[in-house]
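What follows is a single structure, written as structure tokens, with notes after it.
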Amino acid sequence: MELSDFFRPLLLSLSRYLLILLVSYVLAWGTMPVLMKMIMNAGFHKLNYQGEQIPVFGGLVFISLLPFITGIGLLVGAASYTNVKVFLFLTVIFGMGFMGFLDDQLGNHAVKGFRGHLTALIKNKELTTGGFKLLFGAVIATVFSIGSAELVQGAWFIWPLLLNFFLITLSANTINLFDLRPGRAGKVYILGFIVILIFSKQFEDSLGLFLPILAIMLVYLPYDLHAKVMMGDLGSNMLGASLGMMMAWMFSDLGKIIAVALLIVIQLAAEKYSFTEIIERYRWLKTLDQLGRRKEN
């Protein structure tokens, strides 16, 4: 085999991924200002910490662009863009995004956390929007888990199903826990993206689906850091679930077990402690948290 024959498939695959990254970034760059104006004109805005009216539902930029970019990935034949993976990817993205939007619009924010919503449902027989989001999110996670499972000797293995289920459901809420200060959720997402790649068993077959999210985030994050837009649950739930999909498709079984354990610890810690207070307590965390923000933040 000639050396050129060895590198040609690699270069072709790399060029497709670079094209997807470039298209994602350019589309986000052009769409973001228009989308923010549209949201403001529709009346979806809130006061930021400076008393300025800014658009909410910033996560809509991801939801609106990903189907189109995914279509491009299918057309150019990028390795990650198989029919099954694309279906599962978009199902989770749209499903979790919709539930986040519903919670943003109708949510009773007096009830918070997994414990609060489950208590309201089981003890008080009250279905909050957060509780509905948990139930609907569980359905989405189940569809994803079954679709991602490997059929071996005619029987579904229960452990991979459960691990993928918990990765999706727990991850979907995790980014939301950090969406309390400008840009924090975006930074946590980027950190999670990098950590997953470092510890992944294999990422070649799935990475291409998630590169557009990273590219869009690079455009979106400065707006959030400067308190010009609010991500909302629409964005944070979708971003968290996308990290869950990455772990489900890229981690070994042991890696998934460790990830689920860490996610459970994060959920339990959020019920008892304030992440903002913890960040303020440690200088290096505070420095990272404030990186890129305007000094007034």
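Each residue, glycine too, has its Cβ placed from N, Cα and C.
Predicted automatically and left uncurated, TrEMBL annotations should be read as such.
TrEMBL lists 14-35 (among others) with the feature transmembrane segment.
The transmembrane segment annotation in TrEMBL covers 56-78 (among others). When Cβ-Cβ distances below 8 Å are used as the criterion, the transmembrane segment (56-78) is approached by residues 13, 16-17, 19-20, 23-24, 27-28, 31-32, 35-36, 39, 44-46, 86, 89-90, 93-94, 97, 100-101, 104, 208-209, 212-213, 216, 219-220, 223-224, 229-236, 238-239 of the same chain, each at least six residues removed from its ends.
The annotation transmembrane segment is assigned in TrEMBL to 84-102 (among others).
The transmembrane segment annotation in TrEMBL covers 132-151 (among others). Distant neighbours of the transmembrane segment (132-151): 84, 87-88, 91-92, 95-96, 99-100, 102-103, 114, 117-118, 157, 160-162, 164-166, 168-169, 172, 233, 237, 241, 245, 248-249; these residues of the same chain sit at least 6 beyond its ends, with a Cβ under 8 Å from one of its Cβ atoms.
As annotated by TrEMBL, transmembrane segment applies to 157-178 (among others).
According to its DSSP assignment, Asp233 (Mg(2+) binding site) is helical. TrEMBL lists Asn176, Asp233 with the feature Mg(2+) binding site.
TrEMBL lists 185-203 (among others) with the feature transmembrane segment. Within its own chain, the transmembrane segment (185-203) has Cβ neighbours under 8 Å at 174-176, 178-179, 210, 214, 217, 220-221, 224-225, 231, 235-236, 239-240, 243, 246-247, 250-252, 255, 288-289, 291, counting only residues six or more beyond its boundaries.
The feature transmembrane segment is assigned by TrEMBL to 209-227 (among others). For the transmembrane segment (209-227), same-chain residues at least 6 beyond its ends with a Cβ under 8 Å from one of its own Cβ atoms are 17, 20-22, 24-25, 27-29, 32, 36, 48-50, 52, 54, 58, 61-62, 65-66, 69-70, 73, 80-81, 85-86, 89, 182-183, 185-187, 189-190, 193, 239, 242, 245-246, 292-294, 297.
The list of residues near the transmembrane segment (157-178) in space but at least 6 beyond its ends in sequence, with Cβ under 8 angstroms from a Cβ of it, reads 92, 96, 100, 114, 134, 137-138, 140-142, 144-146, 148-150, 184-185, 188-189, 192, 233, 236-241, 243-245, 247-248, 253, 256-257, 259-260, 263-264, 266-267, 270, 275.
The number of other Cβ atoms within 10 Å of the Cβ belonging to Asn176 (Mg(2+) binding site), over all protein chains shown, comes to 21.
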